[in-house]
Every structure is written in C-alpha cells, then in structure tokens.
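Everything on this sheet refers to the single structure shown next.
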C-alpha cells in the first residue's frame, strides 16, 4: 500500500499515514473531508483536486498530477502496461456466463414487488476468481477460425486486470433489464396487443444503442477533463485495484474470498425467512404490535400501506430497493434519500390522509387509476381507433383519478430532470466553459491529435497510447438505431432510455481510470447488450404468459412477489399522457428554482455545505415510491450509516478490504434466493407457505385495522 501511494506524491508516506491518507475515498465523495484531522478544511478541498493533503498541510505534487483530484490520486494507479491482453477467449466465455443469468434475474425482478438489482460487484469479484481459475486449467491451444486467416488461443497466459474489467463492463451493459420491457409488457398485459418478436428485439437493441450514441458529446466534457470524478466508477476502480493487489497477497485474497462466500451463503438461507417462511420479519411494525386494531396506529406504523414510522425490516430486498445498495453509495446520498422518505411518508402522507393535501381520498398510496367512487378505472375502454381517446367512453366514466402520492411522485419525477441540468449549470459552469474552450481550440486547429493531447495530466498522457473511438462510430450507431426505431414504430408507446446515457459515461470513466483501450470498452458494451436483450425479451414473454393474473391483480400471489408495481406505475403514466394528455405542472419551475436557491445559499454561506443537498437526488428519491410500500427505509439508513459512516471512519482498513465484497454478497444472495424460491415454489405448481403467526393470512405486520 505504501509503495502504491508513493507513486502519487513525492512526500514520503509512512505506514501509519496510509490509513489516514487513503481515506480520501470515492465512497464519501464530498463527505470525505470529515475524516481528516483538520475539521476546518473546506469540503471542496478534497473533491476539487486541491493540492492540500489529508493532514491539511500543503502537499508537493508533480506537475502532471496537480490537476487530478486528490480523491482520484489516492485510488487510481498511474502506471500502465499496454501489452496486457483484453479481448481474449476467456473474456467471451466469462461474459456469457455472467451476463446471461443477470439478464434473467434483473428482468424478472422488474415484475416483483421490490427489486434488488443483479449486482455488478458480484460480477466484478466472481469473474476475477473465475478468470484466475480458467488461466490455470485452459489449454494453450490455438484455434483457427474456418475459412479465415484469423486464429486465437484458448489460454493466452495469465489473466489480466483489463480482461477482468471488460467482463464487468459487458455485464453492466447486458445483465440488466431493458427500457423497452415497459411498452412491450403494457401492450400485451393491459391492451392485448402482442409485438412481433423480431421487431421487439431489434427495438430493444435500438433504444439502448441510441442511448450509447447520445453519450458521445458528453464524453468530451466528462471523460477526459480530470476535474470530474465519477463516484461509482471510482468505487469500482478502488475494488479493481484492491483485487489486483490482493492477487500478490494470497492470504488476503483467501480471506476476502472466504468472507464473500460465507456472507453469500448466509444471505441465501436467511432470505427464505422474510420472503417465504417468516414474512413477519420483512416488516417489523412496532406500533401495530402495541395497537393491532387501531386504525391511526396502524397507518402511522404500518410499512405496507402506512407511513412506516419506527418500522424496521430484516429483508434485504426492502433494504437494497430501487434506490440501490446503501453499502456502496456515499453516506451523504443516503442522508438525502432518507430525508426524501421522511418528507414523503412522515409529512405528506398524514397531510393527505387527515388534512387538506389533495381532494381525492381514495387509493392514497396506490399507483393505479380510479373512478370517482374509488373503483378501478377501465382504461382499455378509453382506447379508440388508432389508439386515440374514446371521447364517448370518457364522458361515460368520467375523469381519471390517481392516488395523491402518485401525483406528487410524478411532480418530483419531472422536476428531477430539469433540476439536474440546472444544478450542472450552476455548480459546474466554469468547468464546462473551460472544457468547451479546449474543444473549440481543437476544432479550429484541425489537429489529428486525440482529445487526450489537450490535457496534460498523467491519466490523459497514459491514454494517448490507445486509439480513440471515432466519432463516426457513434454517429453510425445512432443512425442505425434511429432508423430501426422509425421503421418498427408505427404506433405504441416509446420511452427514451436516458439511463443508458449515464451507464455509457460510467463505463467509459472506468476505462479512463483503469487504462483500458477505449475501442475495447466500446465493443464490450455493445457485446453485452447483444447477449442480454434476447434474454430480456424471452423472460418478459414468459412472465406475461404465466404470471399475468397476478400482475393484473386478478389473483393474489401466495409469495407476494409478482405484483408488477412498477409496470402498473408506467401504465398510469401512459394512460395519463397518451390518452388524456399531460396536466399542467409546476414541476419544471421547482426543478429550476430549487437548485438556484441552494446555489445562492451556498454562495452566501460557503462553509455550511449547502452544495451537498442535491435537489436531483432528493427529487429522484421522492419519485421512487411505487405503490403502498414504505418499509425498509429506516433499516436502509442504519445499514448505510454503519457501513459508509461508522466503520468507514473507525475501521477503515477493514472497510476497504471487505465492504464491497459483503455488499455484493448480500445483493447476489438475495437474487439467488429469489430464483430458488421461484424454481421450488412457483415455477410449476404453486406451493403456498402454511399460515402461522409469522405468516398471518390477514396481515404479516399484524396491522389488522389498516385500510386496503
């Protein structure tokens, strides 16, 4: 460790300093200043790349390192070996082995009540061990491709870290859900309109690839300029670097592996309790225990249909929900998300139920559509010829009503988009302007040099050794994808896959930090989607064919898994926007105004950390309450505090070695447990768990007076 840190600075680093110096870690981002000795240090010091050291004293830094933020210098290796293998036979084999199951589990999870995403950390850790194992057992046989001059070796030698990274990037691209699952599922489930298989698969590929193509302009601003750290990419880089070093320390590697598999096995066994045998522990509603038949106490304390006050959960699916694993996100992000939960559930919900917030009192926390009397709205009756609004049916049934929580959830969802742009403009304008100036200078000079030549930091100097992805590759990808979409879509719903834009940037930033050839990263992203999309489509069709009555609410799933909460949410959006039309909204005004207010406060009180209160994160957290679930958020905050605050500060070396392994084991353990329960109890004949006090037929929380 000491040797590694010496690469970053001319100042001698002793063993006693390592633990303190290494604490400028991406996991706490702007929060990292709180672990330094000098508590008066400005939070911008660590993040912006100042040359002030962890001890608060000026640090002598080499010229080509001074523009790299301190948080990056403490994590990223600044040496590179351009001869390391990348796209090997092992890469293709491991990519398929880790991408295919992820595509299955992730896509199935989109139909579940709660989703614990397929952990890319699991791929990152497991593919490392699998790659080492394959390097030992595969023969060094040369295989010639028939009718070509090409050949490849089954085992080109020891596995490399770059090979390992490409497997992870491919899985991050393909071992997920696909944005097109929503319109395809809505069409078949709610409206009885099946999409041709070939058209659906090409549509699914195209909307992902068009998102990748849209990332090309942003790469010029966010990838090469060293002042922009990417926290999640840095977290993955830290894990890559840790595993690379642990390969040289077999004792540490064995210990990390043992911890990972012990936690993995424990989580798999444990999850059978909250998900099947003992669901009581999935939502511990203490107020319901005290007053099980009191309506007010039930609503305040219930986690399923209530506010969730003092509610705890021992179910990992509720802890690591749609908001992500709390063990891998910065603690200040967890604080903002918890604040969103408190505002949503402990302030707005009681105001809507017992106050004057919202005129419609039916289905307060539901994400479905209702008639004026509270019964379900027959949305299909509103569809006329060519998917237009049936005015006659609309007059007969009356206006479409939504639950009050759904309305403010949509409000904050819209505001999050404009707030992201506003926040970037206010807090990052000077950096964006400087980057734009460099791009314009490059364009005017008509230089053939890559963008790396316009930055003199060591990371960009290293990357000059590799050929860049030509802009015309992105342009061709965009044109092909856009043309495919236009050719396929004559009607129906279309949701722009904006998330692929950010995933592309994240993976490209990993390439920049780990010195991987950009063209190989580009290929690995495309290849991962080629594997994942057909699997996504097959799973969607299987779920719709076998679990449709559960998703529609016509039958009750004995396991409580197949509720289709998010799909119902999208159906509500579709009916509101496509059939009825978007309502007037002030969300965009809020999205633009709130960051401005925070920015003014930050300028007036620069040491008060107002810049940490990111409006986009808060608004995104407010928009994630699908359905009547308010369980798990307190437990989530506790886990985040213990992992990313307490242990990080008090036992940093332990945290650095084992935190990511444990986080990955928890996510993967949950996914494996859900898959096993599906195979054993739901794939063929449904086997219900007998009712007992830990699996009460009326209410697993013992909230017997809670309204449905």
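Using the three backbone atoms N, Cα and C, a Cβ is placed for every residue, glycine included.
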Pick from 384-406, 522-544, 545-567: which range does TrEMBL record as transmembrane segment?
522-544
Match it up for me: which of 53-71, 72-90, 91-109, 110-128 does TrEMBL list as transmembrane segment?
91-109
Given ranges 328-349, 350-371, 438-459, the stretch to which TrEMBL attaches the annotation transmembrane segment:
328-349
259-277, 278-296 - the one TrEMBL records as transmembrane segment:
259-277
By Cβ distance under 8 Å, which residues at least 6 away from the ends of the transmembrane segment (414-432) in the same chain are close to it?
221, 225, 227-228, 585, 587-588, 590-592, 594-596, 599, 602, 611, 614-616, 619-620, 623
What parts of the chain pack near the transmembrane segment (259-277), using Cβ distances under 8 Å and only residues at least 6 beyond its ends?
125, 313-317, 559, 561, 658, 661-662, 664-666, 668-670, 672-674, 676-677, 681, 689, 694-695
Contact set, same chain, for the transmembrane segment (297-316): CB under 8 Å, 6 or more residues outside the stretch:
116, 267, 270-271, 273-275, 281-288, 290-291, 341, 345-346, 349-350, 353, 365, 628-635, 666-667, 669-670, 699-701, 703-708
How about the transmembrane segment (625-648) and the transmembrane segment (522-544): at least 3 CB pairs under 8 Å, pairs 6 or more apart in sequence, or not?
no
For the transmembrane segment (660-681): best-contacting stretch of 91-109, 328-349, 522-544, by Cβ pairs under 8 Å:
91-109
Using a Cβ-Cβ cut-off of under 8 Å, list the residues of the same chain that are 6+ residues beyond the ends of the transmembrane segment (91-109) and lie near it.
115-118, 123, 126-127, 130-131, 134, 163, 166-167, 170-171, 174-178, 181, 524, 527-528, 531-533, 535-536, 539-540, 543, 671, 674-675, 678
